[in-house]
Amino acid sequence: MNTEEQRHDPLKKTHTGSPSYQDTRGHWGSRMEFLLACLGFSVGLGNLWRFPYLAYENGGAAFLLPYLLLLVIVGRPLYLTEVALGQYSQLGPLHTYRKLTPLMAGLGYLQLLSELTSSSYMIILGYSLHYLFTSLTHIGHTLPWSKCDPAWAKEPCHVIGVTTSSCRGANNTEACAFSDQSSSTQYWRHEVLRLDSEGLVNFGELGGLIPSLVLCLFVGWVITCLCLIKGIKTTGKVVYFTATFPFFVLLVLVVAGALLPGASKGLVYLFVPKWEKLLDVNVWRKALEQVVYSLSIGGGGLVTFGSYNDFNTKVHIDVLILSVLDLIASLMCAVTIFSVMGAMAYELGIEDVSKVVASGPGLAFVAYPEAIARTLPVPHVWCFLFFTMFFILGLSSLFGGMELLMTALLDEFPQLRRRKPVIVVGLCVFLFCLGLPSCTPKGQYIIYLIDVFNFGIGSLLAAFITCVTVHWVFGVNNFSDMIEFMLGFRPSVLMRVTWACIAPVLLLAVFVGSLLQWSWPLYAGVVQYPVWALLLGAAMPLVTLAPLVVVALVHVIKLVRRGRVRDFLKPHHSWGPGCPVARQRLGEVVRHSLEELRLNTRVTKSTVDIPDQ
C-alpha cells in the first residue's frame, strides 16, 4: 500500500506496520481463513455427535422447532457480539474483558477454566480413531460391528438386515432375532468402551486403563500438537481442508440413509412435532444449551478468532453465513441418524423410533457405523472416510479452544512467544494426562456428567454472564458505538433490543426454569449416578464461576477504598481499538467532537447572554 492510499484509508486491507498485526502474535492470512476456522470451530462435535442424541431423547421435531427459534433470536446476535469484541480489541478474552469492564474481568478466567474441561472431549475423537483404525485393519474381512462376535456379544444380539442372526447369550435363534441389542450397539458398549454396567459406584474406582483408548487419545493429542505448533498461520491453512471435507461425506451419508427401507419412520419423528412436548421446559433448555454449545457462545474461542481479524472486516456478514452453515450441518447429521433409526425400527417391528436404541452420547457411534456397513459399497473405505471426517470435525473445534488457551497465556506473557512450540507441547501433554480417566471402563459416565453440567447447564450460565457483561455492564449503546466505528453502520433497533433484553431474559428464564424442574441425569436413561458424582458434577459450573465472583469483589473493594464507587461499571482507561491506526483515528474523532461541543456551548452561552432589545 502506498502513502497516498493510506492517507485516504488508513485501515485498508493491511496493517503490517501496526503493532497489533505483528508476526509475533499472528493474524489470519485472509478473510477466508477466518471464515473457515470459525466454521470448523462451530460445525464440529456439537453437530455430529451432540445434536442428534439430544434431538433423539427430546422428541425429534419438538426439539428442532425451539432450536431453530433460539438460533435466530439468541445464537446469531451473541455470536456477533463475541467475534466483534475480539476484532475490536485485537486481544484474547482474558485481556479483552479486563479492559472492557474490570468489574467482570473474571469472565476471561471462567472461559479458560471451561475450555480446560472441554479438552476432555478429545476422547470422543479417540473413539473415532478407534473405528478408523479398525476399518483399515479389517480390509478384506467383514467389519466387526456387522456381526455378533462371541468375543464381545455378551447379551442377546441382533444383526440388523440379516434374517438369521448369530448371537451369544440367547437360548435359541428366535430369542436372538427379536433382541433390540444390535451388533453395532454391543460392539460400541463391550468392545470399544468395555463399559462397566454398574456405573460409578465408589469414588476413585474407575477400573484399569484401556490400552486401545489410551493409544487413540495419545495419537489425537500428537496430531493436535503438530497442527498448532506453528501458531495461527498453520491453523489458517489446515482449516481449508478440515472445514470443507466433512460436508462432502455428510452429503453422501444423507442420501444413503434416506434410501434405506423404513427411513421415513425416523424422518417423520424428526420433522413432525408432538406439540405437547413443546410445553416441557427441559426441551427448551436442551435446545438453548445446544445453540450455545454448537455456536461456541460464551466460551471465549470466538473472541480469540475475531482478535486475529483485520480491524474493519465485515464480520456481520460472516456471522450470518456461519450460523446458516451451522444449521445445515446439524440438519444433515440429524437426517442421517434418524434415517438409520427409522430403518432399524422398521426391521425390528418397533413403532416408536425413540425405543430403538438407548439414547446418550454413544448414539452417533451406533447409528453411523450401522448406516455405512449396510448401505454403502466398499464400506471399509467409507468407514475410513467418515471417521476421518469425524476426527477432523472435532479437531477443528478443538483448535478454537487451544488457541484460546495459548492466546491468553501469550498475551499475558509476550516474552514466551519465542518458545511457543515448547508451550504447545507442554499444554498438550498436560491435557493428555487430564483425559486418562476417560480411557477406563467407567470413563463414559464421566464424559456424560461433564456434558450435562459443564456444557449443558454451565454453558447457559456462561452465555448469560457474557451477555450481561457486554450489553448491561459495558452497555448496549456503547457496544453499538463500537460496532459503528469499526464496521461503518449502527446495529438496528431490533438487534439492540435483542442484545439488551430478549437474549439475556431468555437465557435467564430457561436457566431458572430448568433448575425449578431439574431432574438428576441418568446415563442412557437407565444407569443412576451416586450422590458424590452428582455433587461433583454440580460443582463444576460453580468452580468455573468462582474467579468471576472473586475478581469482582476485589475490584469493588479497591474502588471503595479509593472513594471511586461511581467508577465500578466504567471500562478501564486503556480500553479502545487494538489496531493503533484505528485508535489514532478514534482519538481524532473524540477530539473533534469535544471541540464541536465546546463551540456549541460557547454559541449557546453567548446567545443566552444577549440582552433583549
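Cβ atoms are placed via backbone N, Cα and C, with glycine included.
A quick note: this is a predicted structure, and the numbers were derived from the prediction, not measured.
According to TrEMBL, the protein has these features:
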type: BINDING; residues: G40, V43, N47, S294, L393, S397; note: Na(+) binding site
type: COMPBIAS; residues: 1-12; note: compositional bias 'Basic and acidic residues'
type: REGION; residues: 1-24; note: region 'Disordered'
type: TRANSMEM; residues: 34-53; note: transmembrane segment
type: TRANSMEM; residues: 59-79; note: transmembrane segment
type: TRANSMEM; residues: 100-124; note: transmembrane segment
type: TRANSMEM; residues: 209-229; note: transmembrane segment
type: TRANSMEM; residues: 238-271; note: transmembrane segment
type: TRANSMEM; residues: 291-308; note: transmembrane segment
type: TRANSMEM; residues: 320-346; note: transmembrane segment
type: TRANSMEM; residues: 384-410; note: transmembrane segment
type: TRANSMEM; residues: 422-439; note: transmembrane segment
type: TRANSMEM; residues: 445-476; note: transmembrane segment
type: TRANSMEM; residues: 497-520; note: transmembrane segment
type: TRANSMEM; residues: 532-557; note: transmembrane segment
Query: Do the transmembrane segment (445-476) and the transmembrane segment (209-229) share at least 3 Cβ pairs under 8 Å, sequence separation 6 or more?
result: no
Field: Neighbour count (Cβ, 10 Å) for N47 (Na(+) binding site)
entry: 27
- prompt: With the transmembrane segment (320-346) as the reference, which stretch in 100-124, 238-271, 291-308, 384-410 has the largest tally of C-beta pairs below 8 Å?
  reply: 238-271
Field: Beyond the flanks of the transmembrane segment (384-410) by 6 or more, those residues with Cβ under 8 Å of it
entry: 25, 37, 40-49, 92-95, 108, 111-112, 115-116, 118-119, 121-122, 124-125, 128-129, 131-132, 135-136, 220, 223-224, 227-228, 231-232, 235, 238-239, 241-243, 245-246, 249-250, 253, 296, 299-305, 307, 364, 368, 372, 416-417, 420, 423-424, 427
- prompt: Of the listed stretches (100-124, 291-308, 422-439), which one yields the highest count of Cβ-Cβ distances below 8 Å with the transmembrane segment (59-79)?
  reply: 291-308
Message: Can you work out which residues elsewhere in the same chain, 6+ from the ends of the transmembrane segment (532-557), have a Cβ less than 8 Å from its Cβ atoms?
response: 102-107, 109-110, 113-114, 117, 200, 203, 445, 449-450, 452-454, 457-458, 461-462, 465, 520-521, 568
Candidates 34-53, 100-124, 209-229, 238-271, 422-439; stretch with most C-beta pairs under 8 Å toward the transmembrane segment (291-308): 34-53
Query: Which stretch from 34-53, 100-124, 238-271, 422-439 shares the most C-beta pairs under 8 Å with the transmembrane segment (209-229)?
result: 422-439
Message: Below 8 angstroms Cβ to Cβ, which residues of this chain, lying six or more residues outside the transmembrane segment (238-271), approach it?
response: 32-33, 36-37, 39-40, 43, 48, 55, 60-61, 64, 227, 329, 332-347, 353-354, 368, 371-372, 374-376, 382, 385-386, 389, 392-393, 395-396, 399
